[in-house]
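Annotation source Swiss-Prot lists phosphoenolpyruvate binding site at LYS23, ASN24. Feature annotation from Swiss-Prot assigns UDP-N-acetyl-alpha-D-glucosamine binding site to ARG92, ARG121, PRO122, VAL123, ASP124, LEU125, LYS161, VAL162, SER163, VAL164, ASP306, ILE328; the stated evidence is sequence analysis. The 2-(S-cysteinyl)pyruvic acid O-phosphothioketal annotation in Swiss-Prot covers CYS116. Annotation source Swiss-Prot lists active site, proton donor at CYS116.
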Amino acid sequence: MEKFRVIGSTQPLMGEVTISGAKNAALPILFASILAEEPVEVANVPHLRDIDTTMELLKRLGAKVERNGSVHVDPSSIDEYCAPYDLVKTMRASIWALGPLVARFGQGQVSLPGGCAIGARPVDLHITGLEQLGATITLEDGYVKAHVDGRLQGAHIVMDKVSVGATITIMCAATLAEGTTVLDNAAREPEIVDTAKFLNTLGAKISGAGTDTITIEGVERLGGGKHAVVADRIETGTFLVAAAVSGGKVVCHNTQAHLLEAVLAKLEEAGALVETGEDWISVDMTGRELKAVNIRTAPHPGFPTDMQAQFTLLNMMAKGGGVITETIFENRFMHVPELKRMGAKAEIEGNTVICGDVERLSAAQVMATDLRASASLVIAGCIAKGETIVDRIYHIDRGYDKIENKLNALGAKIERFRESN
């Protein structure tokens, strides 16, 4: 199993980094390509394990898939309608295959998905939405099976709770439904907006993405097209926090400030100098004092839960005491005990973590527990005294494109190695 060896330093992280395309947009876009009857080209797709798994799944379904810079998908040859357990057991996003399959082919089945173990993320909302569009759903032998005679039917759907995943499932399926679908209490994340842009490029008629009401006028077919995936706002935020906690200055390119306004506001509150341009963001912490901030995670445009672990680390290194409240997922403070192994001061009380400040962390052997928490451990290792070993880094590879290379280019000392038995 691969690990990171991180040599800590008091030297600030300095330099420039190019941000990859958003995993959370690239995945639904690749799954949405199932809806098309002609070839599609998707640019700015990150090099990640989940992307590779998705491309392999599309091939298993019969699509022609190749990557040469962009990802090219020809879904016209799809003739299988099952996403099998051996492929999807590690990836929760696989549920996104179900809506496009039943919408285009009248049938589909997906093995109940895996992914990060950060609380209950049930597929109930996906299933309910597809049922409201007219699909018959059954759970058999660990598979979610969907079927419809003829086309799905447009409907007025009010979501019980805001869900990014279910919003994408319903929006994708409704593109080929007969009639108009109105989706209320929809999630508003930029990745949903990007998925809608992709579908509209293929001929869909979607309006309102980015608001809490999305309207989809069903069309009979989708054609081909080209699309570039939006920047990864979480990767952007991760590198900006790395600059802040190390007392450095980092410029992130190929990203946009409007994607993470809540994060930038908190970085400014923490004492950082934040500057932005059309396609870049910089954080300068040189000679400035890091101050703790209070954070409450919330659906977009609120503070993203995927930045919570990074700001937990920031609060541990900042002056004063900061309180972080997690409202999206339970069981998402698994990074806190690992950071405490490095000397951090923090107490978990229900869905909040209260951080005290420490002068400097000490190296330790720590274990990555989920995708975003893993990044906070790597950054902690960069600023700790001594040599930190981060175990189970396959979590990181699921969401960050060459994170060690990008951090090393800023002055970090991170080595990927495989421990021999």
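From the backbone N, Cα and C atoms, a Cβ is placed for every residue, glycine too.
Overlay of Swiss-Prot feature records on the structure.
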residue	record	Cβ neighbours (10 Å)
LYS23	phosphoenolpyruvate binding site	25
ASN24	phosphoenolpyruvate binding site	26
ARG92	UDP-N-acetyl-alpha-D-glucosamine binding site	17
PRO122	UDP-N-acetyl-alpha-D-glucosamine binding site	11
ASP124	UDP-N-acetyl-alpha-D-glucosamine binding site	13
LYS161	UDP-N-acetyl-alpha-D-glucosamine binding site	10
SER163	UDP-N-acetyl-alpha-D-glucosamine binding site	21
ASP306	UDP-N-acetyl-alpha-D-glucosamine binding site	25
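Nearest to LYS23 (phosphoenolpyruvate binding site) in space, judged by Cα atoms and limited to the binding-site residues PRO122, LYS161, ASP306, is ASP306.
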